[in-house]
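According to Swiss-Prot, the protein has these features:
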ACT_SITE  70  active site, proton acceptor
BINDING   9, 10, 11, 12, 13, 14, 71, 157, 158, 159, 160, 180, 185, 186  substrate binding site
BINDING   41, 70  Mg(2+) binding site
């Protein structure tokens, strides 16, 4: 029998990407939206703090173990922006948020030369057995690339169509989901999580 765990996100892209992998770990993933749990205000100053906030809240509201991911795009030429504010970079919510965020990123980078458009995706995953778990499992992953001058690809979500990965010589949005799962920041963090779970005997 699989262990139920609440995934603390309402982002459908993350739900699919993480559910595919977590199912292999023996977990039955329930998105917090299925339980009518809303996300708390993200007041942390780091990806780890925000992931902890979300996981603790989801566990508190559901009474189940919880897992949360906080991730973002870091562009050194912009002083680390969008960073913690990647999901709300353009200041809008709703179905148009991703497109508006990408448009803003292209706009603020329009004068930046190709040699200075480096970027990295960061993912921090936190897993709790219960709301007050004193020793949460924390797993982090990063992947490096650069921001293109135009969107390419139809797959993925968020900034995927702008993030060019030298490792695969295309944007994340040009990859099939199965290919992205092998190299993405979230995939790397989930791999670290899997190792830590095995070590902990969870």
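Every residue gets a Cβ built from N, Cα and C, even glycine.
For residue 13 (substrate binding site), the number of other Cβ atoms no farther than 10 Å from its own Cβ, over all displayed protein chains, is 15. The recorded positions considered are 41, 70, 160; of these, 41 has the fewest other C-beta atoms within 10 angstroms of its C-beta. Residue 71 (substrate binding site) and residue 41 (Mg(2+) binding site) have their C-alpha atoms 15 Å apart, to the nearest angstrom.
Nearest in space to residue 41 (Mg(2+) binding site), taking C-alpha to C-alpha distance over the recorded positions 70, 158, 160, 185, is 70.
Looking only at the binding-site residues 9, 13, 160, the one with its C-alpha closest to residue 70 (active site, proton acceptor) is 9. All protein chains included, residue 11 (substrate binding site) registers 19 other Cβ atoms within 10 Å of its own Cβ. In the three-state DSSP scheme, residue 41 (Mg(2+) binding site) is classed as coil.
Secondary structure at residue 185 (substrate binding site), as computed by DSSP, is helix.
DSSP assigns residue 158 (substrate binding site) to coil in the three-state reduction, outside any helix or strand. DSSP assigns residue 71 (substrate binding site) to a strand in the three-state reduction.
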